[in-house]
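Asks: From Swiss-Prot, here are the annotated features:
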type: ACT_SITE; residues: C113; note: active site
type: ACT_SITE; residues: H275; note: active site
type: ACT_SITE; residues: N295; note: active site
type: DISULFID; residues: C98-C127; note: disulfide bond
type: DISULFID; residues: C110-C155; note: disulfide bond
type: DISULFID; residues: C146-C204; note: disulfide bond
type: DISULFID; residues: C147-C151; note: disulfide bond
type: DISULFID; residues: C183-C208; note: disulfide bond
type: DISULFID; residues: C191-C196; note: disulfide bond
type: SIGNAL; residues: 1-15; note: signal peptide
Amino acid sequence: MKFLILTALCAVTLAFVPINHQSAVETLTGQALVDYVNSAQSLFKTEHVEITEEEMKFKLMDGKYAAAHSDEIRATEQEVVLASVPATFDSRTQWSECKSIKLIRDQATCGSCWAFGAAEMISDRTCIETKGAQQPIISPDDLLSCCGSSCGNGCEGGYPIQALRWWDSKGVVTGGDYHGAGCKPYPIAPCTSGNCPESKTPSCSMSCQSGYSTAYAKDKHFGVSAYAVPKNAASIQAEIYANGPVEAAFSVYEDFYKYKSGVYKHTAGKYLGGHAIKIIGWGTESGSPYWLVANSWGVNWGESGFFKIYRGDDQCGIESAVVAGKAKV
């Protein structure tokens, strides 16, 4: 009898042992995740998207490519020192003549974000440094398919700093979106059905598409520097304010994938992988400081392809892996 009573008491006690709350919210997914995030905080809103974890990972890269900068990369740091920067800044209005800054591209089902972030930054900075005289739309595919192991592993991911070093040494040609203009437009079609297979890294072609009048070698655009930006918000702001958008990498969780609007701050959901993007400015919304960022998941994601992420606390590592470069003009 005593044994039975003791067993019953143990069972009752175990039933009231609290679970680890953080571990529980990290495993939330789908609509349950959206409901939790939208009720647990008011900084940003999420919406449910019918997609598998595997499909979400198609757009991301191996986390090692989004890690904080190594000592070797930190040794290249360049810092712009300014007395002050404005409370709000948007590269789209500061350099309104540069159409590329406003452009949202679509990497489709390939972890080519590192190449997109680099191509977008190169496009913007070439325009900025020439005061609008040159407005190339740089080809992510030229980096993705031709940089090879020098940059990383194609659709599995790559190092943003290596993409900029390739720009310096080998040059990069122009190329728009799928079936678009330029020498080498992106060869992977956007996923519109919601059920698309993972894409393979395209093969390197050192020739322009049929009908393009400029030869591949003549279409190259070059950089003169590739460097890291110090890991602090003030240095990143000064770099953008002085020279234009920068490329950054960070860790992605499922609640980011379901972002719809507001200032993102990781709240719940599992870790999915690394991602690279382009930071174009900053501001404050309802008292929350943010970075203004261009994603490469098409215009139907987030705030018409853009998003805001909390600024100043190295949210998801976004302030630990910022790179930039200067165009040869």
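Note that Cβ sites are derived from N, Cα and C of the backbone, with glycine treated the same way.
Each of the listed features needs to be described in terms of its position in the shown structure.
Replies: Counting every protein chain shown, the Cβ of C113 (active site) has 30 other Cβ atoms within 10 Å.
The Cβ of H275 (active site) lies under 8 Å from the Cβ of K59, L60, M61, A66, C113, A249, F250, S251, V252, each of these being in the same chain and 6 or more residues away along the sequence. Reduced to three states, the DSSP call for H275 (active site) is strand.
According to DSSP, N295 (active site) is assigned to coil rather than to any helix or strand.
According to its DSSP assignment, C127 (disulfide bond) is helical. Sequence-distant neighbours of C127 (disulfide bond): residues of the same chain at least 6 apart with a C-beta under 8 Å from its C-beta are W95, E97, C98, K99, S100, I101, Q134, Q135, P136.
For the recorded site, C110 (disulfide bond), the DSSP three-state label reads coil. Applying an 8 A CB threshold to same-chain residues 6+ apart, the list for C110 (disulfide bond) reads F58, K59, L144, G154, C155, I188, E198, S199, T201.
C146 (disulfide bond) carries a helical DSSP state (H, G or I).
Using a 10 Å Cβ-Cβ cutoff, C151 (disulfide bond) registers 24 neighbours.
Non-local neighbourhood of C208 (disulfide bond): V173, C183, K184, T214, A215, Y216, D219, each in the same chain, at least six residues away, with C-beta under 8 Å from its C-beta.
For the recorded site, C191 (disulfide bond), the DSSP three-state label reads coil. Other C-beta atoms found within 10 angstroms of the C-beta of C191 (disulfide bond) number 20, with every protein chain shown included.
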Asks: Among the disulfide-bonded residues listed here, C98, C146, C183, whose Cβ has the fewest other Cβ atoms inside 10 Å?
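Replies: Ranked by other Cβ atoms within 10 Å, the disulfide-bonded residues C98, C146, C183 bottom out at C146.
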Asks: Measuring CA to CA, name the entry from the disulfide-bonded residues C146, C147, C151, C191, C204 that ends up nearest N295 (active site).
Replies: C191
Asks: How big is the Cα-to-Cα gap, in Å, between C147 (disulfide bond) and C196 (disulfide bond)?
Replies: 26
Asks: Near C196 (disulfide bond), how many other Cβ atoms are within 10 Å of its Cβ?
Replies: 16
Asks: For C204 (disulfide bond), write down the residues of its own chain that are at least 6 apart in sequence and whose Cβ falls under 8 Å from its Cβ; none is a fine answer.
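Replies: Non-local contacts for C204 (disulfide bond): S145, C146, G148.
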